[in-house]
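Okay, so here's the structure we're looking at.
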Amino acid sequence: MTGTVRPDLAEFVRGLPKAELHLHLEGTLEPELKFRLAERNGIRLPERTVDEVRQTYRFHDLTSFLQVYYPAMEVLQQPRDFHDLAFEYLTRAHADGIRHVEMFFDPQAHTGRGVPFQSVISGYRSAIVQARRELGISAELIMCFLRDHSAEYAMATLMEALPYRDWIIGVGLDSDERGNPPRKFAAVFARARREGFLLTMHCDIDQPDSKEHIRQALEEIGVDRLDHGTNIVEDERLVELVRAKGIGLTCCPVSNSFVTAHMKSDEIVGLLDRDLLVTLNSDDPAYFGAYAADNYLALREQAGLAVDQLVRLARNSFRASWLTPARLDGYLREIDAYVAGG
Ligand code: HPA
Ligand code: ZN
């Protein structure tokens, strides 16, 4: 993937302090860990080798990806399984120059098969605490609702999460977007807002009603951030709305190249050059074979980004985050020092 990137540039990008804002913890399940967890939990997998698992990673759109993604989660059963998943990701992210991450998790993908909410969140939380202490990386959780399930189930999940309010910074919406508009979850997001959660939402690439879904997310739900959302380029009014509200866009170029025919580099770079709050992220790195820095390097290779554009993307990743102003300031100053060679 980074074949034609100069080694010194790859090193520069890996060392550049970055935040990751679009990362599904369940999408970090590498085949090696999947085998270890299957053994721990006495589960027989249909595949025998890591290569065989990777051969099942053939996606042509979001739906075909999700058909591989959800069944793989059956190996996640006990709190320590969720802990190991998150801790392995945080270790890799730390090595990749990620200083702060706001990570999605899908509780319904686990509670729906009988795993208690408490097992999921306690495992993730203990990994966050350990990673903070041992690696110095900071992490927050964003709880996503599955949009292809009912609004009532989402509301019940929100209620189940309330005792853990302090461990969850915001809520999001993911899974299959077709026929599942933001409006379907208006009451759930309104309640989440009242409970003090920040709001974000997937507006996936090239969906049948992408523009209308983005409009609903911005005007009816009042999101604080948009996940993907690059289809705003088709409607100048949406571009201006995103700009006026200061909304961050969490773009995932390598993921885009798996679920559509393109990385959407022209759209991403065009929005960056118009000074929108564009960020780069890995989405589901175990499935798309690219962690955060790989996404910066892949977009650079495709679009010929200059170093100052790469640095702007790193700055944006913190500016679009939900860090306090004081911490944001600290990370931006770290970038300045890094770029100045200090
Ligand atoms: N879109 C929707 N659902 C998802 C995604 C995504 O990018 N990744 C994991 N679940
Ligand atoms: Zn995603």
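Easy rule for this one: first residue shown is 1, then count along the chain.
The backbone N, Cα and C atoms fix where each Cβ goes, glycine too.
Curation plays no part in TrEMBL annotations; they are all automatic predictions.
Not measured: the values here are computed from a predicted model.
For reference, TrEMBL has these:
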type	residues	note
BINDING	His22, His24, His202, Asp283	Zn(2+) binding site
BINDING	Asp284	substrate binding site
DOMAIN	17-336	domain 'Adenosine deaminase'
SITE	His228	site 'Important for catalytic activity'
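Shown here: features listed in TrEMBL, placed on the structure.
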| residue | record | DSSP (3 states) |
| --- | --- | --- |
| His22 | Zn(2+) binding site | coil |
| His202 | Zn(2+) binding site | strand |
| His228 | site 'Important for catalytic activity' | strand |
| Asp283 | Zn(2+) binding site | strand |
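Close contacts with ligand 2, defined as a Cβ under 6 Å from any of its atoms, occur at Asp283 among the recorded positions His228, Asp283, Asp284.
Less than 6 Å separates the Cβ from ligand 1 in the case of His24, His202, Asp283, drawn from the binding-site residues His22, His24, His202, Asp283 in sequence order. For the recorded positions His22, His228, the greatest number of Cβ atoms within 10 Å around a candidate Cβ is found at His22. Note: the Zn(2+) site is recorded as His22, His24, His202, Asp283; in the same chain, Leu23, Gly27, Phe104, Asp174, Asp227, His228, Thr250, Cys252, Ser255, Asn281, Asp284 also have Cβ atoms within 8 Å of that site's Cβ centroid. Closest in space to the residue listed as 'substrate binding site', of the recorded positions given as His22, His24, His202, His228, is His24, taking the CA atom of each residue. Sequence-distant contacts of Asp283 (Zn(2+) binding site), defined by Cβ-Cβ distance under 8 angstroms and a gap of at least six in the same chain, are His22, Leu23, His24, Gly27, Cys252, Val254, Ser255.
Taking the C-alpha positions, the distance from His202 (Zn(2+) binding site) to His228 (site 'Important for catalytic activity') comes to 6 Å. Averaged across the domain 'Adenosine deaminase' (17-336), pLDDT in this predicted model comes to 97.
All protein chains included, His202 (Zn(2+) binding site) registers 26 other Cβ atoms within 10 Å of its own Cβ. Here the Cβ of the residue listed as 'substrate binding site' has 24 other Cβ atoms within 10 Å, regardless of which shown protein chain they belong to.
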